[in-house]
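Visitor: Structure incoming, see below.
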Amino acid sequence: MQIKKVTVRKMKMRMKEPFATSFGTMQDKQFLLLEVKDEKGNTGWGESVAFDAPWYTEETVETNLHMIRDFLIPILLGKEITHPDEVGVLFSPIRKNNMAKAAIEGAVWDLYAKRKGISLAEALGGNREQIEVGISIGIQENLARLIEKVQGYLDEGYKRIKVKIKPGADIDVIRGLREAFPNVPLMADANSAYSLDDIDLLKQLDEFNLLMIEQPLAYDDIFDHAVLQKELKTPICLDESILSLEDVRKAVEMGSTKVINVKIGRVGGLSEAKRIHDYCMANGIPVWCGGMLEAGIGRAHNIALTTLPNFVFPGDTAGSSRYWEEDIIKPEVVVEDGFITVPDAPGIGYSPDFQTIDEFTTVSYHFE
Ligand SMILES: O=C(O)CCC(=O)C1=CC=C[C@@H](O)[C@@H]1C(=O)O
Ligand SMILES: [Mg+2]
């Protein structure tokens, strides 16, 4: 197949409520939506998960637009491709910029699966008909409010609760939650808010039987996490530090992590995400699928990936209605009793909803 045309839409969607982490609060989500078209007029869809500011990784909506427009599309247009794994190889002369690469590569995966008449999940080698999902809750103004939120999501059926912690809102928050919910699968995400000076504090988390603690130390660290893991009973899960299979291999060999949060955008696409999954499965490291507050297209990609067998813990892939009044796909993603039914229609299995897409598009660019 050949990619003959790429449409890049800049989107702006307002989340129902703000999402607060140790590095800031977001409510208006800006992102890029990509549509690729082949020589027969088939289309595939991808979503960039870069935020409008570089607080999670260094990539932003604008850096992604620059990379996609000025480097990645010129590489891809008109090239003969037999399998989406080749896209990453074509992009390999470009350093990093993983979210930009993943947005295009994801659209090519969707297109490839549609051309074959199979679901994206099947194209990736996944075999689950439904996936279990958890929820990630942003920092709340007080513990009572957090407990209320957690109860609401448990009532909706979510199977695992992830809360954000930061210095000053950590041990007491987790203690309070454990008292309220003694048996709920619970984990904490620190988004790099601590250093090795906090070892004594972080060790106090061991008494709360957390599934894991996500990225306690620096966003680009692997070494200090190995030092910390030796002191902690709670398993460490790396998020921000993992940009590739190579990073996973080093982290696993060093003992920096016992679980991996796989985010398709952060690792540069579905092909690399699958390689990470396969390596972790062979090495006894469970993985789960993280979220980036995606709209429907990105969410659909996460669902397909999560059908692979070593996605052991429920992911952060909550239903559309947790984030959006109206999503950009039809049907929207629905969670029932903590499960999402994996669509079996070709490709991502959800249809882009052009009416809402147009409503939330601020500018679009066409390349052919
Ligand atoms: O619901 C989701 O999509 C998960 C949200 C979430 O936890 C995160 C999204 C974006 C950046 C971080 O704050 C965080 C994470 O680190 O996993
Ligand atoms: Mg995280």
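Glycine is no exception: its Cβ is also placed from the backbone N, Cα and C atoms.
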Visitor: Check TrEMBL: it lists ASP189, GLU214 as binding Mg(2+). Then name which of ASP155, ASP239, ASP247, ASP278 it lists for that same site.
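Guide: Within the candidate list, TrEMBL flags ASP239.
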Visitor: Which whole number is the mean pLDDT over the domain 'Mandelate racemase/muconate lactonizing enzyme C-terminal' (143-235)?
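Guide: A mean pLDDT of 97 is what the model gives the domain 'Mandelate racemase/muconate lactonizing enzyme C-terminal' (143-235).
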Visitor: What recorded positions among LYS164, ASP189, ASP239, LYS263 have a C-beta sitting less than 6 Å from any atom of ligand 1?
Guide: ASP189, ASP239
Visitor: Can you go through the recorded positions LYS164, ASP189, GLU214, ASP239, LYS263 and pick out those with a C-beta less than 6 angstroms from ligand 2?
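Guide: The qualifying recorded positions are ASP189, GLU214, ASP239.
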Visitor: So which one is it: of the active-site residues LYS164, LYS263, which has the fewest other Cβ atoms within 10 Å?
Guide: LYS164
Visitor: Looking at the binding-site residues ASP189, GLU214, ASP239, which one has the fewest other Cβ atoms within 10 Å of its own Cβ?
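Guide: The binding-site residues ASP189, GLU214, ASP239 were compared, and ASP239 has the fewest Cβ atoms within 10 Å.
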Visitor: Please state whether DSSP places ASP239 (Mg(2+) binding site) in a helix, a strand or coil.
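Guide: Going by the DSSP assignment, ASP239 (Mg(2+) binding site) belongs to neither helix nor strand, so it counts as coil.
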Visitor: If I take the alpha carbons of LYS164 (active site, proton donor) and ASP189 (Mg(2+) binding site), what is the distance between them in whole Å?
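Guide: A Cα-Cα distance of 5 Å.
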